[in-house]
Amino acid sequence: MSSTVTFFPSTILLLLEEAALDAWWRRVSRRWRSGVFSCWRLEESRPWRPKYQGFLPISFVPGYNEDWGYRTTPQKYSSQNFANKAARQHQGRVLGGGSTVNAMYHVRGNRRDYDYWAALGNPGWDYNSVLPYFIKSEDYRGDLGETAAYHGRGGPIGVTPAPLTPLTKAYIQGGMELGYNYVDYNGPEQIGFSQATFNIRDGVRSSVVEEYLKPASSRPNLHILHGANVLQIVFEDKRATGVKFLYKGKVIEVGARREVILSAGSIASPKLLMLSGVGPRYHLQHHQIPVVVDLPGVGQNVHDHVEVLGLSWTTDERVSFSSLFDTFGPSSILQYKLSRKGLLGTAPLNFLNAWVKVRPEGDPMWPDIQVFFNSATFAYDKGTLNPALWGLDMRVTFLTHFSPLRRNITNTRAEIYGREGFTIRPIILRPKSRGTITLRSKNPDDYPVIDPQLLSHPEDVKTLVEGVKFALRLGNTSVFANTFKAKFFDKPLPDCAGEWYGSDAYWECFVRHMTTTFYHITGSCKMAPPSDPFGVVDHKLRVRGVAGLRVIDFSVLPAVVSGNSHAPTVMIAEKGSDLIKEDWSR
């Protein structure tokens, strides 16, 4: 059954959010007014991220309905110890998407990331051009100090530095022992060790929905529809004129007089473009989808940060698993209720980051590894959460390596099962491997085929091997050994038993078995100049070959940034709203 919905004359645009579940549509007055500008900022900031108070990111709870449950195809070069050799791709299936389910890290990336975008032929996306949008969106709650010019006060998104603990102080001291400085990673330079900052304000998650949508939710020109399955974008003569979606058993079409804004994320945005006839001709024809425009780059250039799991140290002090019980103890709950402070008012597990350069090639101030630290060993929970969280093969990873059921049970030199300790996870920041997102069928209910081809480029493996070596040097610094009696869990991975332990060949094997994505998938709707045959949007985020359609989300990155995805996505949304206003004000 199909029907057409007609709204008031000022209803001119439909915004898609996170593919199938939430359709967002808005009315915008024909005459620009300041209130309408705010509505643009609200909606192009993408309704991803509602308020969610919780100790762990909700995506950390296996099988939770607020995650789409995406998986990659079986990977040939990575993730060999994961179930079906596939990696998870967490995406928020909830009002607010990513900021509802993420770990709340506020990381902008490196200034050279954005200068590189501009050098590729995308004017207006260099660091000096995007910095004002980072500042505009930020309400920094820490001491500004020497980097005050790089931070904002009073913006929508709360940004709060995490309190330092003895363990995180040791991490920073370990970095200094290796010759690195203490830096503000959202300041002028990123190389070094840093105090983590999170999207938290007064002990509560600061999400895009909470900070952008909620204040404007009662406006008459904003409409929110839940439970709608978006089917396709409607075109007439290569102009986007509206959207079809399924709602309560009916196919409904909503018209857009000026533009349709697609903000469905790096997986669903290319899927919806292809379902609508915008994508590689041969692929659309294969699925019997009428071609609106042949756009070869849709679903190409797919890449993600890749992290190495399983590098853990045990300690003699309580720093990880048992401290979770402290977090939920009566005193912590009372403290949080009274002051919004304490263990419940910050991020869990003493998360911390550093950015380092481990390969000699290229700019020495452009890091190639993000060093992620958390205060838990990889088997601190005795296999109750970690296997399901990461998608690890329980049999291979825990029963034969981390648990006391392993054959080599007499080796207790660094017993890890259920022990206190910490883990260091090296993450490649600028991978060269590229993959694809393609349609499984023309049925909108079918998940797309996600094949990032992780570690298919040999240089990525070399970089991660060097990242592992750096992690070992860091975890074995004197501050950890002397203060916490830290011991590295050095039992060889069974699948790599044929390689000499500690050699480059061994660590390459380890990397190929113990790597997964860091959930920052991007590039599937690449921003590029006309000279790039695989570009999807131009520097104003307009889709090539059609009119009245933009993509404004994390999928447009030509190359992933050197850090987490939330802050850059908000920046893209803020800048995207200005690009729209510029075009409409003419």
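Every residue number used here counts from 1 along the chain in the order it is shown.
Cβ from N, Cα, C; glycine included.
Keep in mind that TrEMBL annotations are predicted by a computer and have not been checked by a curator.
Keep in mind that what you see is a predicted model, and the values were worked out from it rather than measured.
Residues annotated as signal peptide in TrEMBL: 1-22.
Among the features that TrEMBL reports, FAD binding site is placed at Val94, Val230. Around Val94 (FAD binding site), taking its Cβ as the centre, 25 other Cβ atoms fall within 10 Å, counting all chains.
Within the model, the domain 'Glucose-methanol-choline oxidoreductase N-terminal' (265-279) carries an average pLDDT of 98. Taken from TrEMBL, the feature domain 'Glucose-methanol-choline oxidoreductase N-terminal' applies to 265-279.
With DSSP classes pooled into helix, strand and coil, the tally for the domain 'Glucose-methanol-choline oxidoreductase N-terminal' (265-279) is 11 helix, 2 strand, 2 coil.
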